[in-house]
Amino acid sequence: MDTSTIDLVLADIQVVNYVNAAAFAWLAYDILLTLGDEVQTVWNSRWTLAKVLYLLLRYLIAITLMVNLVVDTRTDLTEKVCTQWMRFYAFDTVSIASWLGGALLSVRIWALYGCSRKILFVVCFLYLVETAAGIITASITLASEHSTPRLPGVPVHGCFLSLTPPKKDSLVIIGWTFHVGVNAIFFALTMYKFMRTVGAQGFSIFEAQTVAPLFQLFIYDGAFYFLVILASSLYNLVIMLALWNRPTVVVGEALLAATYAVTSSRLMLHLREYIGRHNAEVYTDVELETRPSRPALVLDTTITVPEGYNRDSDVIDSGISGISMSLSLSDKPLV
């Protein structure tokens, strides 16, 4: 290995380490920024599936990013340690983040459709397909990795990974395509529910903020989540295909994991904050929960036009029991 190659490798490793540090710093900053709302709307609520997924996504990813950062700053790691590390790295951060984020989004979609059995089957099928594609992609990546012995006198931080091009790189592309496609379907399901519910009552989508404010929150957050994940996934796919033989091939993975942790958790926080503002005594989020002993907070997706409603009004306070997608008390299970 000549001097120019060594310099390039060292520069690439430094770039990866900087990006990994930035990803952890971003997630840590977001946790601190929303800690007050999180304590009020998440920690003080009862334990549910959505709460467990939220906490795992938020803090398990932070721990894995922190561990990655510790490894990135070490210069005394042996080849054996790095070989074991590669096996862990292939299935941590991005894989865990995508699985947890996908699960939280699946619960959200199922709840939006009133816990329909058909939708449950659809979201479970899509989730399993995406998870299987992720495992295949991670396995192919892991099979193409090997650890290179350290060069004497060269202070290389972390584990220097050498990747040989996979024999079936088309499977890698298919895996990422499934990942993007499933998120696109989830977004389309949200849009379809919104258009069908609002349009069926004779309202335009531009009146959503007035007649269905909570529904609009679903759409805005869902669109933002999809676009961010789409951009991050395409970025990682391009990097993986273009820089397969360089250490920078993994430069976007930590950033994508942090993106999942931030955007997915924000979906839940925004929803709980909205409900909390409109019903301070009884609030929760759209998740799996059954309360047979007392009324549960549910989503009512039927638009009810209040008496005296003026379509041309600038402001209409739909509140908790107002127009479409408002929250109402019911003896039905929480959806």
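Using the three backbone atoms N, Cα and C, a Cβ is placed for every residue, glycine included.
Copied over from TrEMBL, here are the features:
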- 15-36: transmembrane segment (TRANSMEM)
- 18-61: domain 'DUF6533' (DOMAIN)
- 48-68: transmembrane segment (TRANSMEM)
- 88-107: transmembrane segment (TRANSMEM)
- 119-143: transmembrane segment (TRANSMEM)
- 171-192: transmembrane segment (TRANSMEM)
- 223-244: transmembrane segment (TRANSMEM)
- 250-269: transmembrane segment (TRANSMEM)
Intrachain neighbours beyond the transmembrane segment (119-143), with Cβ under 8 angstroms and 6 or more residues off its ends: 86-87, 90-91, 95, 98-99, 102-103, 106, 109-110, 113, 163, 166, 168, 171-172, 174-176, 178-179, 182, 185-186, 189, 240
For the domain 'DUF6533' (18-61), the mean pLDDT of the predicted model: 90
